[in-house]
Structure formats: structure tokens, C-alpha cells
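Novice: Pasting the feature list from TrEMBL:
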type: TRANSMEM; residues: 27-49; note: transmembrane segment
type: TRANSMEM; residues: 70-92; note: transmembrane segment
type: REGION; residues: 120-142; note: region 'Disordered'
type: COMPBIAS; residues: 124-142; note: compositional bias 'Basic and acidic residues'
């Protein structure tokens, strides 16, 4: 029961941290969730107390199953690689916080006039090129 509570606590804390906006918090949350999953794999592989996996000292039926331990070892290596990639991305990134919705809306309002001017001028350039093409076509006809 204690192992289940620890798994739930690790996964819940990891999900909470991943939902935050900072890159470092996302990295910590991912690491917490991977620890919770590793503990879950280990807990699922242990049905009851088993003796050492040494063939000459114990019966094969009582030996510990090495498959869940191999899965967890592989998961640890994968989570370390993922954490290293996320840390590299955080180090290369200039700003580790994302912008709120209000900042994005304010930026859109400020640059809306420039965006409209750009569309009009692009439309005007297209109209001018179409008129020039018509003039060239008329000159060729004469």
C-alpha cells in the first residue's frame, strides 16, 4: 500500500510540474513521472518475497524474476537520455518561460496595424503588376 501511495505521489507531482510554464519545471516533472513509472514496473514485478537469483543456492521457482528489473534498467537509461536532451534544450533556450495569453493578445493588437498595411501594399503590388501585364499585352497587339 505504501508503494502504491509513493507511485501516486510521484506521478501526481510530475503531472503538476509538467503543467507549469517553466522549462526547468517541465524537466523536473518528467523526471518525477519516470521515477514513478520505474517504481510501478518494479512493484508489478514483485509478487512476493523471492530469494536471490543465484541458481546454485536457491530453487529456480523461488528465484527472483530478472525481467522487470531489466525493464526498469532500460527505462532508467531512456529517462536519463530524455532528461539530458531536455536540459540541453533548456540551456540553449534564451527564455524558459512561455508567454501568457494576455501577452500574445496585446502583441497582436499592437502589430495589427502593421499587418494590415502589409496586406494592402501586397495587394496593391499585385494589382500594379496585373495592370502592367495588361499594358504589355496591349502594346504587343499594336
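Cβ atoms are placed via backbone N, Cα and C, with glycine included.
Nobody curates TrEMBL annotations by hand; they come from automatic prediction.
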Novice: So what's near the transmembrane segment (70-92) in sequence-distant terms, Cβ-Cβ under 8 Å and 6+ beyond its ends?
Specialist: 23-24, 26-27, 30-31, 34-35, 37-38, 41-42, 45
Novice: Are there residues at least 6 beyond the ends of the transmembrane segment (27-49) whose Cβ is under 8 Å from a Cβ of it, and what are they?
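Specialist: Same-chain contacts beyond the flanks: 3-4, 6-11, 13-20, 65, 67-69, 71-72, 75-76, 79, 82-83, 86-87, 90.
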